[in-house]
């Protein structure tokens, strides 16, 4: 009787464990089954490297969007990584306890804000600010990068902070015993020792930035053309899918799914490098 | 010549009194061993000689510690004090960087950046720590890839690289195998010509083998302090005798 119960429970556990794998598997099948034929119809080369996206003329080149995603993400990293890593250093090694109790929940809150709210903030605050003080019409690559930079901060801060805290204290003591100041030990012993964790946080940040959709659509301008500069509008892969999915049909629709395939492969590469980094840190 | 003069030193961790009225004079260019059972305060006293206890929250000190006549708890630069009084820890703690960078870390901290000078310091320090021949071909490799005994000698080299006057060693061989231990003991004996060495050890044979003077600690107090020979062959206090004959501890 007990044996049967045990076997039954084991099946339930196995099934639960498999659920997420099945989900990923199904998404994979759906994406590739719909996307690959479209790619071959358009031509892989024309699809990935084509500079024109004009569905009405049957031109399906997504290079502008690929570059758009990469540029916006790079901008977000440029803004988010220095601020995020330095914040993590401050929180783990310099911050007085009282202030920590204030900052930490604030960062956690930042992580919990829905992206559409970020988008609204961008639309109401950042877009007019850029338009009035820097140039362009406001809905430009720079705005999207700044907003995304803010959005990836919690990821970078939290992951980096735990990496920095995980550095054994005997490294720090070794540094201090050689006559290095607290600051020098922090930046030249602890930070290098936490390197792989900090890189992992950056990779996760890239993943978050490249997959972000709603906030970007609201501030990026979304023109489907080759990116022309920081103060010009830009369209990302995610934006491309969401904006046109509502009315697309036939090959156009399949081309959008193929866009998702490209995005999926991007994320796959990012996750792979994340797990490689993690393995190295152990 | 006296290097350290410790007078009436009391040390508290919060409300716990870890050292009680310690009076010790430590001679230059000698090896002084601190022995005693766990928790007797010997490591605590060692750490108060380069003020590593400052890093422990709630640690408070009364009394005087003079280094060459200068009060190290007075108005001095702690980082310069730690440059003069180097430390080797119980567990080898090389930084997770290359062997070269480990040794160069100290000199760089104290403002030496010339490549030629650093190369020279790294080589001399590793030679002085008797590990140059083993490591010279892998200076750019990670310090975490060498054996525990080599790591500990690397840590000694790293401490020597800032040209200290005193070396504090907190049970430097307790995590090592017998062969590495004997290498490090030989090294310590060689180093005493140029450095004042204070070593905390649980291993009484080690104290006998290498030290000139020995202080026996019990419950935060120095029970007896004398030449190593006298302590081990002719102890004056009953507690010391009980400890070294293995009746407790």
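Glycine residues also receive a Cβ, built from the backbone N, Cα and C atoms like all the rest.
Worth saying up front: this structure is predicted, and the values here are computed from it rather than measured.
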Quick one: which of A:109-130, A:219-240 does TrEMBL have down as transmembrane segment?
-> A:109-130
So are the transmembrane segment (A:255-277) and the transmembrane segment (A:12-38) touching or not, going by 3+ C-beta pairs under 8 A with a sequence gap of 6 or more?
-> yes
The answer for the transmembrane segment (A:109-130), taking Cβ pairs under 8 Å and residues 6+ beyond its ends, is 136, 138-140, 142-144, 146-147, 150-151, 153-155, 158, 212-219, 231
Going along the chain, which residues at least six beyond the ends of the transmembrane segment (A:142-164) come within the CB cut-off of under 8 Å?
-> 71-81, 83-85, 87-89, 91-93, 107-108, 110-111, 115, 118-119, 121-122, 126-127, 130, 134, 136, 190-191, 194, 196-198, 200-202, 204-206, 208-209, 212, 215-216, 219-220, 230-231, 234, 236, 281
